[in-house]
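Engineer: Here it is, the structure, as structure tokens.
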Amino acid sequence: MLKTLVTDVDGTITDRRRRINTAAVETIRTLVDAGIEVVLASGNTVCFMDGLCKMVGTDGTIIGENGGVYRRGFSGTLRIPGDQEVCREAFKVLNDYFAGKGVELELYSAQYRFADVAFARNIDPDEARAIIRDHGLPVRVLDTGFAIHLQTPGVSKGTALVELAREMGLSPSEMMAVGDSENDIEMLEAAGIGVAVRNAPVRTLSAADWVSEEGYGDGFVEAVKKYYPYLFSR
């Protein structure tokens with residue numbers, strides 16, 4: 001039996017223009033009102049996630065910065081498995097390299113991040129990976145489709161899901177995860193049921209146990225409708 005739903009935000013409970021899908025929000029509220037814990041998981045910052053949790057109506061249990069941080073409830077201890085120092089070092093290397101080519105890297109929410117470094121998608125992530133590799137830095141370059149993130153290897157939404165499940169007294173097999181991007185793959189694989197919405201890339205679709213017919217927030221609603229009667233029973 002599934003007891004908790006973990007969902008990505010951008011591209012999963014939004015529309016293609018990153019506007020929140022109101023049907024997805026109503027679905028989340030229905031789950032919360034039924035006593036099912038809903039965890040929001042994103043590459044975004046803790047402060048962004050806190051505001052979203054308040055407005056949507058969840059209890060503040062989050063996975064942020066692509067697994068670099070996670071927390072049980074608004075009053076819980078913020079866990080930070082990511083190592084931001086090495087990510088900052090990697091960003092400096094990239095910034096110096098691309099500045100030499102006349103390209104400026106625009107940081108995203110740097111003052112609000114605890115574990116990773118995020119910046120605009122105006123460079124080729126494969127080129128960034130090659131530069132990081134040439135400098136021997138232990139940093140993962142992650143392209144979420146919304147930003148490029150520099151992250152500690154071995155840290156992902158999937159590892160955060162496993163650790164969060166332990167704090168909640170659950171097994172990862174008792175969690176359902178929904179996502180749309182390559183940064184959701186580990187999360188879908190770690191959960192008992194992993195669902196990809198139709199707009200996901202091929203690698204993410206292949207990692208999922210089930211794929212919705214609809215994309216974006218409508219696909220999220222479809223997924224919950226499919227699994228709710230059978231798996232979220234009490």
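Just so you know, glycine gets a Cβ as well, placed from its N, Cα and C.
The Mg(2+) binding site annotation in Swiss-Prot covers D8, D10, D180, D184, and the record cites sequence analysis as its basis. Taken from Swiss-Prot, the feature active site, nucleophile applies to D8, supported by sequence analysis. The substrate binding site annotation in Swiss-Prot covers K157.
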Engineer: What whole-number Å value do you get for the CA-CA distance of D8 (Mg(2+) binding site) and K157 (substrate binding site)?
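Structural biologist: That comes out at 9 Å between the alpha carbons.
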Engineer: In sequence order, what residues of the same chain, 6+ apart, have a Cβ less than 8 Å from the Cβ of D10 (Mg(2+) binding site)?
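Structural biologist: Within the chain, D10 (Mg(2+) binding site) has Cβ neighbours under 8 Å at R18, S42, G43, N44, T144, G145, F146, D180, S181.
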Engineer: CB neighbours of D8 (Mg(2+) binding site) within 10 A?
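Structural biologist: Neighbour count, Cβ to Cβ under the 10 Å cut-off: 30.
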Engineer: So around the Mg(2+) site, D8, D10, D180, D184 aside, which residues have their CB within 8 A of the centroid of those CB atoms?
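Structural biologist: Residues close to the Mg(2+) site, other than D8, D10, D180, D184: T7, V9, G11, T12, A41, S42, T144, V178, G179, S181, N183, V197, A200.
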Engineer: If you skip the near sequence neighbours and keep only those at least six away, which residues in the chain come within under 8 angstroms of D184 (Mg(2+) binding site), Cβ to Cβ?
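Structural biologist: D184 (Mg(2+) binding site) has long-range Cβ partners D8, T12, A41, K157, A177, A196, A200, T204.
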Engineer: How many other Cβ atoms are found within 10 Å of the Cβ atom of K157 (substrate binding site), counting all protein chains shown?
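Structural biologist: There are 30 of them.
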Engineer: What kind of secondary structure is D8 (Mg(2+) binding site) part of, going by DSSP in three states?
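Structural biologist: Assignment for D8 (Mg(2+) binding site) reads strand.
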